[in-house]
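Heads up: the structure comes next, in structure tokens.
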Amino acid sequence: MEPGGARLRLQRTEGPGGEREHQPCRDGNTETHRAPDLVKWTRHMEAVKAQLLEQAQGQLRELLDRAMWEAIQSYPSQDKPPPLPPPDSLSRTQEPSLGKQKVFIIRKSLLDELMEVQHFRTIYHMFIAGLCVFIISTLAIDFIDEGRLLLEFDLLIFSFGQLPLALVTWVPMFLSTLLAPYQALRLWARPGARGTWTLGAGLGCALLAAHALVLCALPVHVAVEHQLPPASRCVLVFEQVRFLMKSYSFLREAVPGTLRARRGEGIQAPSFSSYLYFLFCPTLIYRETYPRTPYIRWNYVAKNFAQALGCVLYACFILGRLCVPVFANMSREPFSTRALVLSILHATLPGIFMLLLIFFAFLHCWLNAFAEMLRFGDRMFYRDWWNSTSFSNYYRTWNVVVHDWLYSYVYQDGLWLLGAQARGVAMLGVFLVSAVAHEYIFCFVLGFFYPVMLILFLVIGGMLNFMMHDQHTGPAWNVLMWTMLFLGQGIQVSLYCQEWYARRHCPLPQTTFWGLVTPRSWSCHT
């Protein structure tokens, strides 16, 4: 037996040339020259493990701190919580308890996280390169046809015509939304005798009726009377719908607590500053407080506004190069099924481009810019809708801001009113409200009624929502979802462009109701 227990012996191995050579090795399975490397690698992996655990604990601690802070902020200011009502005393003035409530936390938008990955930034660079190609092609065509290098923005200038008038119209809309709902809430919350309170409540309802009249009638009157172009109409209709949804959310969230406060349950009325902040922050769900970021990154704000402007220019180039030359004279040619099908297929590419540009410009750039200026912490305005394998998931993740409003005030309140068994009816109600709102926006912006969006959203979209449900997974379903999106966008762009030019080539000799609601592109082929 040799001392030390580690005998050094010679081991014969074959070299590359078949020769045998002697190598020293110790007892065991690990070679001497590999042992230090293995120890270093083990220590490195242990350090990585400790670092990951520390980061995960920090994030979890931050999440729990934020949740606890929100719970403290929402706790009543009295020394003891308000008494719980008995189970049989639930009234319509109390909030429904069905479903989950929206919780706001500090988080970044998904695209901001993906932009940190170089591979995804390359896709972003490809879209910028596409814009450069459109600019180069426009310059080249103008130089060949007219012998000059000049970018013309006729379509952009036409679309945003009379924008100052739209901005002036926005002022009374905003003031009505700022003053009427809050003053109505104060009148309802005022203590006093029953007769005095009834008079104040009636005055509050009159204020809300005047507010609704201003929001519904004023923008429509200005748009029709002054023949505003599409982009200026967009400003009015988006603000009209936004103010209506925010007013409803404020009243829906604040009225139950206000009525309980009148009964002496110790609940404070909402502050005017919180309501003013809510009117500008990028959410449609009212809360007294929201998680806030510590500072404002003005370079991030400028970057998002610049990207939104770039998307507007991109959309103008797409319409001017891919849509206007195809559809401008289509109504002057004889109708044929072949021409209609080819026009729809031709419009799929510009249609999906327009969808992506609207998503990126509004749901990412515009909302993030305002969120940053207001230090609004929750930036989850959308989720990964592009990975959806069902249309039900696509509808939930495409526009989280609007989905939260529909879920809270249409679906959940529908279940509260009709019972938990009426989930199908509540879901149909969500589709009906959303489809009518989308069709109204299209009708307002384009200046004519052509229910393409209503049929696609309510009928086709509703069927696909139940047929392509969440149980379908896998890449094939994602491909099918994208195929349906391509075709749907092609149908919208093709039919709406045909109707736009048909109403200009074939004006009505006499304005009638049926002439206004009947598609002109079906009969205008001169």
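Using the three backbone atoms N, Cα and C, a Cβ is placed for every residue, glycine included.
Swiss-Prot lists Asn393, Arg396, Asn399, His403, Ser434 as acyl-CoA-binding residues, and of the candidates Tyr411, Tyr450 the one it assigns to that same site is Tyr411. Swiss-Prot assigns Leu38 and Arg520 to topological domains with different names, so the membrane separates them in that record. DSSP assigns Tyr411 (acyl-CoA binding site) to a helical segment in the three-state reduction. In three-state terms derived from DSSP, His119 (cholesterol binding site) belongs to a helical segment. Within the set Asn393, Arg396, Asn399, His403, Tyr411, Ser434 that the record links to acyl-CoA, no two Cα atoms are more than 16 Å apart, and one pair reaches that distance. In the three-state DSSP classification, Asn399 (acyl-CoA binding site) falls within coil. Counting Cβ pairs under 8 Å to the transmembrane segment (422-446), the top-ranked stretch among 121-142, 163-188, 201-224, 298-330 is 201-224.
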